[in-house]
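As annotated by Swiss-Prot, N-linked glycosylation site applies to N24. The annotation Cu cation binding site is assigned in Swiss-Prot to H47, H49, H64, H121. Per Swiss-Prot, disulfide bond is recorded for C58-C147. Sequence annotations record features per position, and here Swiss-Prot assigns Zn(2+) binding site to H64, H72, H81, D84 based on similarity to another entry. Among the features that Swiss-Prot reports, compositional bias 'Basic and acidic residues' is placed at 126-137. According to Swiss-Prot, the region 'Disordered' annotation covers 126-145. According to Swiss-Prot, the substrate binding site annotation covers R144, on the basis of similarity to another entry.
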Amino acid sequence: MVKAVAVLRGDSKITGTVTFEQANESAPTTVSWNITGHDPNAERGMHIHQFGDNTNGCTSAGPHYNPFKKTHGAPTDEVRHVGDLGNIKTDAEGNAVGSVQDKLIKVIGAESILGRTIVVHAGTDDLGRGGNEESKKTGNAGPRPACGVIGIA
């Protein structure tokens, strides 16, 4: 079992951790999150971005991680970026706790997410169904108030 973690920080009150666990290269990856300080009772986009560079805040993380050159989509879509995790749901206090298994995200192997950045967005991900060009790239999920580089745990 290989485990990786990202500690979320940014220019907002949003903090938390996102962990990734994968047993072997062909196994799905379990993604778990515990995030506090976001908007209450909301759905907010969460994606893995290309670069592990946070020198200019979360904006320097670049676009969604997309090694197969697909368009943006929902985590359950056949056509999607590797980094497309959809939306997290927050409770009345703005906290989100959850987990999901994903077949495209890899901790182990050539398309590993290690050293890349996970970003929690300020808006809701439209899952590529927004009817415009930006939707097919970002899901119109908006600004990047918190992020963290994914590293071996």
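The backbone N, Cα and C atoms fix where each Cβ goes, and this holds for glycine too.
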Which of C58, C147 (the disulfide-bonded residues) has the most other Cβ atoms within 10 Å? C147
Checking your reading of the structure: which of the recorded positions N24, C58, R144, C147 lie inside a 10 Å Cα sphere centred on H64 (Cu cation binding site)? none
Taking only the CA atoms, the spacing between H72 (Zn(2+) binding site) and H47 (Cu cation binding site), expressed in whole angstrom, is 10
Which residues, sitting 6 or more apart from the residue listed as 'N-linked glycosylation site' on the same chain, put a CB under 8 Å from its CB? I108
Structural state of H49 (Cu cation binding site), classified by DSSP into three states: strand
Out of the binding-site residues listed (H81, D84, H121), which are within 10 Å of R144 (substrate binding site), Cα to Cα? H121
If I take the Cα of H47 (Cu cation binding site) as reference, which of the recorded positions C58, H81, D84, C147 has the closest Cα? D84
Integer Å value for the Cα distance linking C147 (disulfide bond) with H121 (Cu cation binding site) is 9
For H81 (Zn(2+) binding site), which of the recorded positions H49, C58, H121 has the nearest Cα in space? H49
List only the single closest residue to D84 (Zn(2+) binding site), chosen from the recorded positions H49, C58, H121 by CA-CA distance. H49
